[in-house]
């Protein structure tokens, strides 16, 4: 079949087999351009060409004919710009905080001056270790647990994500490793918060393993509604346990920078959770009976 590809003010006719998929179209049109940069849309049946919302993005999991593309159809091409792999973004953004904290902890004299450096107190040692363990866990999950439905994201996202994580890591690391750091007055609070953080990290890991098991592998875009005790109150317990872990860290260290990171994470994860919760409701209306991220609240 012949399909006309519209790109701005120009157009080009490409020939495809009748059972072609989106990948076939991407390979034929502008073959020198990376296929991950290419996006194609088709006008919904009866839609207005001047209405952007009337266009449907073609899905790589379905044949083009199943999505309304036939001989003589027109599709609209968009260059998504330079792309970078999802896994690469995660590895880089999580490696930064780990490297920053280790640099602070290993060479405090370079940061604070050799004349005022003193031995770390118990709380500092404990929470430096927990901070590093958290991001080591994230790196291991990125390599061995997470399965990404999309292969790439815009390259600019790696800068945005790194600025977020690395900036907070600079603030948290500077305060936690500082010779002027004052640990909480209650050793019980310090230890109880550390235990709580470990528990929440393990629960977060358990959720990630369950979610990973629901997908066949990278590129699998199916989103079945997760079930089980961890999902009994909220749709996204991984975000809940992530936030609770940082609440525990903040309580145990009593640092404003940590509370700032926790609050920023809460805002962002709440947005993601609400979006996922709404998608789950479309699949299973009974999901309305629970909240998105915070039990009984949100």
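If you go along the chain as it appears here, the first residue is 1 and each next one adds 1.
Each residue, glycine too, has its Cβ placed from N, Cα and C.
Database features, via Swiss-Prot:
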TRANSMEM  162-182  transmembrane segment
TRANSMEM  189-209  transmembrane segment
TRANSMEM  229-249  transmembrane segment
TRANSMEM  254-274  transmembrane segment
Sequence-remote partners of the transmembrane segment (189-209) [C-beta within less than 8 Å, at least six residues beyond its ends]: 122-123, 126-127, 130, 133-134, 137, 141, 145-146, 183, 230-231, 237-238, 241-242, 244-245, 248-249, 251-252
Distal contacts, the transmembrane segment (162-182) - CB-CB under 8 A, six or more residues away: 92-94, 96-97, 100-101, 103-105, 108, 111-112, 116-118, 120-121, 123-124, 127-128, 131, 253-258, 260-261, 264
